[in-house]
Each structure stands twice: as structure tokens, then as C-alpha cells.
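K.L.:
From Swiss-Prot, here are the annotated features:
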{"type": "COMPBIAS", "residues": "1-10", "note": "compositional bias 'Basic and acidic residues'"}
{"type": "COMPBIAS", "residues": "372-387", "note": "compositional bias 'Acidic residues'"}
{"type": "REGION", "residues": "1-24", "note": "region 'Disordered'"}
{"type": "REGION", "residues": "356-387", "note": "region 'Disordered'"}
{"type": "REPEAT", "residues": "33-72", "note": "repeat 'WD 1'"}
{"type": "REPEAT", "residues": "79-118", "note": "repeat 'WD 2'"}
{"type": "REPEAT", "residues": "122-160", "note": "repeat 'WD 3'"}
{"type": "REPEAT", "residues": "163-202", "note": "repeat 'WD 4'"}
{"type": "REPEAT", "residues": "205-244", "note": "repeat 'WD 5'"}
{"type": "REPEAT", "residues": "247-286", "note": "repeat 'WD 6'"}
{"type": "REPEAT", "residues": "290-329", "note": "repeat 'WD 7'"}
Amino acid sequence: MATPTEHEDLSEQEVTEDEFKTPKIRETPEDIKLEAIVNTIAFHPKQDILAAGDIDGDIYLFSYSCTEGENKELWSSGHHLKSCRKVLFSSDGQKLFSVSKDKAIHIMDVEAGKLETRIPKAHKVPINAMLLIDENIFATGDDEGTLKVWDMRKGTSFMDLKHHEDYISDITIDQAKRTLLTSSGDGTLGVFNIKRRRFELLSEIQNGDLTSVSIMKRGRKVVCGSGEGTIYIFNWNGFGATSDRFAVQAESVDCIVPITDSILCAASTDGVIRAINILPNRVVGSIGQHVGEAIEEIARCRDTHFLASCAHDELIKFWDISSLPDEKVNDYRRRKKKDRRLKALSNKAFDTGQNFFAGLLDTTEENGKEGENDEDDDDEDSDSGSD
């Protein structure tokens, strides 16, 4: 049996070793685990902070870091009575906007974590989408297809239009902040002029829900994800009908986030996050996945180093996308191959806790083949391959 003195010496040695232990630096921040499914996430525009809203109506603010053990919850809010559908930071990062199934709009002070403004019954039905246009103007869309555009200086909406027959899934606007676009569960793209405060047109009805919308290719193309796994492409000022479309070989394309002018990340109900090049249309590879869990939303951080994702596994995961802007896509369509595995675009593409090697190829292996499997087979349903 060791003497008391020996025990004390060992204890002091362990404390000393812990004090001088070098913190582990990770490629990406650790996963954040919540107690409910997270519907929505947003990165702070100036700091390493992430906001999240869950199906219970709770909103959380986290600081994140690549130093192991340094992710911290800064505050939480339970002001929403039902599921939180969307969170967004103001451009200066001082305010956090949120919308909910409870039909309310909340604006919170980010530093204090306090509710500053509440607009109850902002819509007659649950709110599903939101876009911040500038420091005073924002837009919201609801479950029945109504679009509202708000002026915070007056605290009221100055546009209240219903032209969609189903929920508004996403909203975006052009750089001039003149033409506002909506995607809808009725399968149409909506076009609105917020300068003249009027509705312009709806596109032709596509096959299945339009789940997301983004403007790409220096403002010349509008890209929509869809519930049946097809990406639809419209020409700017040619919103009536698609100019191109291609199947992504995914169950759905539920959320899209542009990374460059040509490359976007797309999340699906199959749990996989794909990098996709637009014109030429190619699935470049996989960023990562939530194994077997539907992804609700993805978001890009301010310096395009990380992508975050939230899914039905109640996890927020971070992915390294810093090399994605350097990906090159060949215009030339090679002969289709039977091997339809995705190229892994991050080290964590394999980090799933299960055997994901069966579905992915390592980047080093891929480079050794000189890009022979350039995902050319994934554009087999595309109507065109170049701009």
C-alpha cells in the first residue's frame, strides 16, 4: 500500500501534467449536440458565433472554435411558442431575427440575449421563410404562400401578396435589391419587384416542390433545389421557364448555399451534403453526411472556411470547405462509368461512425486517377453542359 505522501505526489504530478497539456487543434469545430431537432442555423457575420433554432421553439447562441472543448453555449431563449423555422443575423451582427410556426417574428439583442421586438400574429398562418434585405427591410413567407415585406422603422409590412398556392420555402434578392425571388411548394418560382411593390410573375410549374433558391453566375442564373432531387436553372429575366435542369442522384435537394459563383453545396433528406458545379452541371463530390438523417439546413461561415449543417440526429456538424473554391470542373463529358461513388471533398467525409467508404472515394485515390471519375455521370439528365 502506498503511503499518503506517495498519493499526494502522484496527484500533484497529474495536476501539473493537465495544466501543461497542449490543447488539441481540430480541422473543424466539434459537433454541437442539442436536445431536439434543429431546424435552422446561421453564422454571425463578424465573430465565431452560431445561432440555432429547434422544433421546440428554443433559440441557442454558441461560440465555436477548432480548439477541442472550446465550443460554448452563450445563451438560450424560449420565447417562441412553437417550432423555430428560421434564424438570421443582421448585417452588423447585433440583432438576431427569428420566425416560427407560432406566426411571430422576434428580434433579439445578440450580446444580451434579450428579446427586443416581437411581432405577434405577423402572418395568419405559420411563417416558414425569411430574408433580411437591408438594415430596415426584411421579407417573410408563410405556409400558405403569402409574402410580406416589412419596414422596421414603421413596424409594419408594406407588401402583403399571395400568389403561391403552397408554402414559400425560400427567399432571395438580386444585388440591386430590386427583384425578390421566392421558391414554393407549389413548384413555381415567384418574382416580385419590391421597388415598385408589386408582383411580376410566376414560373411554369415544375415537377415537385421547389425547396430553395439562389442567384449564381454573376447574377445571370437562378438556381432552385427541388423535392424530387432535380436542380432547376433559370436565366435572369427568363423566369417563366427553366433554361436547364439536371438530376443530382439524391432523394431531394432541400437546401442550397452558394460557395462560389459556380459551386454550391446542397443538402438532402438522404443525409449527404454534395458540392455541385453549375454550368457545366456536375456533382463534384461529397462534403460529408449525417448518416441516414434528413438535413434541415446548411450555412456558410463568413470567410467560407466552414459549412455547418443541422439534421434530425439533433447534431450541428462543421465541415471544412476551404479547398472547394479551388475545385476545377472540366467542360468535357467523359464516357459514363458504372462506378457512381462520390468523391470525398473533406477528411470528415469518412467520419460517420459507420462504413462510409463503400459510398465514397478518397481524394488522394481520386487525384491518383487524374480525375477520371469527374462525376460526369451525374449530369446525365442535364439539358446542357455549358454556360
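Backbone N, Cα and C atoms are what each Cβ position is placed from, and that goes for glycine too.
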K.L.:
Are the repeat 'WD 3' (122-160) and the repeat 'WD 7' (290-329) near each other by the rule of at least 3 C-beta pairs under 8 angstroms (pairs 6 or more apart)?
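P.N.:
No, these stretches are not in contact.
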K.L.:
For the repeat 'WD 5' (205-244), give the DSSP counts of helix residues, strand residues and coil residues.
P.N.:
0 helix, 21 strand, 19 coil
K.L.:
Across the repeat 'WD 7' (290-329), what are the DSSP residue counts per state (helix, strand, coil)?
P.N.:
3 helix, 18 strand, 19 coil
K.L.:
Looking only at the repeat 'WD 6' (247-286), what are its DSSP counts of helix, strand and coil residues?
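P.N.:
Summed over the repeat 'WD 6' (247-286), the classes give 0 helix, 21 strand, 19 coil.
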K.L.:
With a Cβ cut-off under 8 Å, give me the same-chain residues at least six positions beyond the ends of the repeat 'WD 3' (122-160) that come close to it.
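P.N.:
For the repeat 'WD 3' (122-160), the list is 82, 85-86, 88, 90-92, 97, 99-105, 107, 166-173, 177, 180, 182, 184, 186, 190, 192, 194, 197.
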K.L.:
When the repeat 'WD 1' (33-72) is classified with DSSP, how many of its residues are helical, how many are strand and how many are coil?
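P.N.:
Looking at the repeat 'WD 1' (33-72) with DSSP, the answer is 0 helix, 20 strand, 20 coil.
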